[in-house]
There are 2 protein chains.
Amino acid sequence: MKPINVGLLGIGTVGGGTFTVLTRNEAEITRRAGRPIRISKVADKNLALAKEVTAGRAEVTDDAFAVVDDPAIDIVVELIGGYGIAKELVLRAIANGKHVVTANKALLAVHGNEIFAAAQARGVIVAFEAAVAGGIPIIKALREGLSANRIEWIAGIINGTTNFILSEMRDKGLSFATVLAEAQRLGYAEADPTFDVEGVDAAHKLTIMSAIAFGIPMHFEQAHVEGISRLAAEDIRYAEQLGYRIKLLGITRRTPEGVELRVHPTLIPEKRLIANVEGAMNAVLVKGDAVGPTLYYGKGAGAEPTASAVIADLVDVTRMHTADPEHRVPHLAFQPQSLVDLPILPLAEISTSYYLRLRVEDKPGVLADITRILADQGISIDAMIQREPDEGEEQTDIIILTHQTRERQIDAAITLIQSLPAVKAPLIRLRLENLL
Amino acid sequence: MKPINVGLLGIGTVGGGTFTVLTRNEAEITRRAGRPIRISKVADKNLALAKEVTAGRAEVTDDAFAVVDDPAIDIVVELIGGYGIAKELVLRAIANGKHVVTANKALLAVHGNEIFAAAQARGVIVAFEAAVAGGIPIIKALREGLSANRIEWIAGIINGTTNFILSEMRDKGLSFATVLAEAQRLGYAEADPTFDVEGVDAAHKLTIMSAIAFGIPMHFEQAHVEGISRLAAEDIRYAEQLGYRIKLLGITRRTPEGVELRVHPTLIPEKRLIANVEGAMNAVLVKGDAVGPTLYYGKGAGAEPTASAVIADLVDVTRMHTADPEHRVPHLAFQPQSLVDLPILPLAEISTSYYLRLRVEDKPGVLADITRILADQGISIDAMIQREPDEGEEQTDIIILTHQTRERQIDAAITLIQSLPAVKAPLIRLRLENLL
């Protein structure tokens with residue numbers, strides 16, 4: 001049977017993995033797809049690398065536009081990354097009537113609305129399973145597997161680098177800086193780790209999941225994005241004493257007032273399965289009204305896991321591309337004319353529980369003042385520990401876990417607590433989710 | 001837009017849930033599917049119940065054949081269960097050119113080859129997400145999400161009743177019989193629990209997953225099926241001392257000699273995520289060559305979780321049914337002409353690790369005799385504990401964990417060990433999987 005011709009843009013880690021897996025599992029994949037899927041043309045600035053990886057089995061070029069303009073190419077796989085040339089190439093491929101498979105979460109989170117509108121107008125498919133959580137088929141689960149459900153919320157560990165760092169900090173009691181340096185040495189973190197450790201990468205992925213879960217446009221610019229670089233080892237330890245683990249979670253939740261869209265370090269009860277996802281692994285917890293909680297776990301990055309998702313999309317497109325567009329799975333899970341735009345809630349309006357750590361003078365009345373402020377703001381306390389001061393020490397730590405409240409109320413309480421003379425250092429505030 | 005008309009056979013727990021969820025989430029589901037999905041006709045022997053649940057929103061009848069023969073019905077949902085009338089109705093629906101959605105694992109595991117061949121010949125879809133692991137979209141993950149992979153093995157907790165019983169036995173140190181009675185009182189176990197506790201239900205689901213993972217026909221009749229009714233509380237306790245949990249796993253693995261297909265109580269290292277799946281929850285661990293291990297977790301039974309899967313299939317069929325059959329997702333993941341038949345390995349030929357518990361006289365030389373027998377069979381020991389005999393007791397327990405070996409070798413060793421005069425009670429043998 002006539003092969004489907006794929007043009008590959010970028011033969012780096014994921015591109016190389018895609019080539020390798022497609023070649024190794026050719027027989028198996030053809031048995032599934034019904035026809036061979038062949039990478040016939042590869043573009044990479046590094047021509048020598050492209051030649052080495054493809055070993056004569058594909059045409060190579062350093063001109064990516066020669067691939068997207070090639071009439072023989074049916075599907076373009078974009079693995080260049082970033083918003084610049086990648087955007088131009090994807091839009092050009094769409095304009096040329098080609099289907100696109102991409103792993104580029106940054107591009108979709110920031111320019112997805114424009115790209116999906118173009119694809120819709122041209123009647124082509126833009127598939128992006130590889131953009132979120134690597135090899136875990138979470139896009140398919142949200143878009144097809146849970147299509148009966150009103151999805152209530154999603155909470156995901158969707159950045160392997162930060163989960164690796166947090167696991168090491170907890171296991172070994174080390175500081176963020178020490179573990180980051182080690183992660184960079186091992187190749188788990190990039191030389192410039194900002195996108196990962198400051199939560200930007202997770203926010204890109206969360207934005208995409210939020211859109212397909214709720215049938216809304218991408219709203220990356222309104223996401224609250226907070227990373228782990230200021231997280232102290234002692235908070236991980238205190239959390240553990242209270243029965244919690246700290247994970248960098250991407251959380252999106254539908255509320256009557258709007259959609260929460262936030263990435264931040266989060267305390268989770270240690271009994272939850274997702275609290276036990278360690279190292280560079282990813283996991284996404286999805287709560288649907290009919291199905292209840294479901295969890296999807298696997299490798300969120302790496303050459304072959306990401307290639308697994310790229311190729312699953314290639315098989316899907318191979319199967320679907322002859323269907324008329326209105327019978328395909330819609331890009332954003334909901335039919336394009338059925339997308340609605342729900343407001344994204346400002347951070348002050350979200351509801352969650354909180355972990356507060358205060359450095360206070362060890363003298364009578366301090367705790368009474370603090371708890372009075374919380375009570376006045378309508379915030380109730382779920383648990384508290386006060387560390388016994390060391391011999392001769394005149395200050396100590398108080399840790400408070402609150403029940404659920406509005407962020408704006410905790411903000412107000414923190415301002416008041418911070419102004420108490422007995423409170424000595426800036427108060428540490430983390431969010432806590434029970435995930436039930 | 002013209003609704004798609006669904007005929008529902010059986011309005012019990014799952015049927016009622018399907019009706020409820022389709023009604024409650026009608027707007028959301030229509031936004032996804034592109035057209036309304038309407039249950040227009042319901043058949044149940046209990047006409048009064050059918051009338052009560054549908055409340056005038058669907059035609060009701062006590063004649064299921066009137067539904068499958070109704071030219072206005074596009075899709076038949078079979079929720080009757082069992083092999084008898086359900087089989088006849090499904091085949092008749094197919095012959096009438098209707099698509100079928102079913103939750104009937106017993107029917108598919110035992111008669112699936114015949115049913116899928118009939119569907120193939122008639123060009124209709126038989127969808128069965130709800131047949132395995134309730135609301136978890138595991139069929140979709142295996143068939144579409146992981147289509148790039150050569151799947152190596154699957155290990156699943158796919159029966160909620162037995163997982164609930166095992167969780168309670170471990171938590172409370174109770175016997176199987178005590179917990180079963182409690183589970184029956186709570187409605188977690190049926191009056192006749194045989195299908196669940198003896199592993200038959202899990203074997204049905206495993207058979208279906210094995211077929212779509214490896215592209216082979218259903219081979220339920222060759223599955224090794226072993227339940228939990230003879231599992232002793234003390235083995236759960238000893239396993240825990242050694243760092244393991246005991247779960248009823250369905251395991252299917254591709255080996256060069258054939259396919260392993262087996263359900264039995266299994267020791268799993270407690271650090272594995274799947275070892276921490278508690279209560280009636282289900283989880284399936286899938287190992288693909290490219291993606292590595294992935295895990296899918298959620299509710300495996302119940303009205304709305306199962307309805308979630310039934311409706312996801314309805315949405316899929318609504319989207320796919322206008323595509324020509326060769327462009328649809330193939331029923332068994334692989335194109336029908338690409339199915340192969342791999343041999344199912346007899347139990348004696350499987351490879352795994354073992355837990356052995358021996359009741360022995362507390363006298364010199366016993367351990368030497370036992371370890372000599374194991375060594376002679378080429379079986380190496382991974383860990384061992386010997387319980388200190390109580391005061392005045394003349395017998396004690398020895399627990400041995402072996403490295404991986406063939407079942408036939410452990411069988412031979414067990415026969416020899418059992419014949420030692422110092423070995424006092426029948427040896428207990430459980431299997432152990434590291435799941436890496």
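Using N, Cα and C of the backbone, Cβ positions are placed for all residues, glycine too.
Listed features, source TrEMBL:
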{"type": "ACT_SITE", "residues": "B:K205", "note": "active site, proton donor"}
{"type": "BINDING", "residues": "B:L9, B:G10, B:I11, B:G12, B:T13, B:V14, B:G15, B:G16", "note": "NADP(+) binding site"}
{"type": "BINDING", "residues": "B:K105", "note": "NADPH binding site"}
{"type": "BINDING", "residues": "B:E190", "note": "L-homoserine binding site"}
{"type": "DOMAIN", "residues": "B:355-431", "note": "domain 'ACT'"}
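Its own atom aside, the Cβ of B:I11 (NADP(+) binding site) has 27 Cβ atoms within 10 angstroms in the protein chains shown.
Other residues of the same chain near the NADP(+) site, with their Cβ within 8 Å of the Cβ centroid of B:L9, B:G10, B:I11, B:G12, B:T13, B:V14, B:G15, B:G16, are B:L8, B:G17, B:T18, B:D44, B:L79.
In sequence order, B:T161, B:Q184, B:D196 are the residues near B:E190 (L-homoserine binding site), counting only same-chain partners six or more apart with C-beta under 8 A.
In the structure as shown, the Cβ atom of B:G10 (NADP(+) binding site) sits within 10 Å of 25 other Cβ atoms.
Mean pLDDT, taken over the domain 'ACT' (B:355-431), works out to 94 on the 0 to 100 scale. Annotation note: B:L9 (NADP(+) binding site) sits in a strand segment as assigned by DSSP. Cβ neighbour count for B:G12 (NADP(+) binding site): 15 (other Cβ atoms within 10 Å of its Cβ, all protein chains included). Remark: the residue listed as 'active site, proton donor' has B:K105, B:A109, B:A131, B:V132, B:A133, B:G156, B:I158, B:N159, B:G250 as non-local neighbours, by Cβ distance under 8 Å and separation of at least 6 in sequence.
Secondary structure at B:K205 (active site, proton donor), as computed by DSSP, is helix. Neighbour density for B:G15 (NADP(+) binding site): within 10 A of its CB lie 28 other CB atoms from the protein chains shown. Using a 10 Å radius centred on the Cβ of B:V14 (NADP(+) binding site) and all shown protein chains, the other Cβ atoms total 25. Listed in sequence order, the residues of the same chain lying 6 or more apart from B:G16 (NADP(+) binding site) and placing their CB within less than 8 Å of its CB are B:V53, B:A303.
Around the Cβ of B:L9 (NADP(+) binding site), a 10 Å sphere holds 26 further Cβ atoms from the protein chains shown. The DSSP secondary structure for the residue listed as 'L-homoserine binding site' is coil. Within 10 Å of the C-beta of B:K105 (NADPH binding site) there are 26 other C-beta atoms, taking all protein chains into account.
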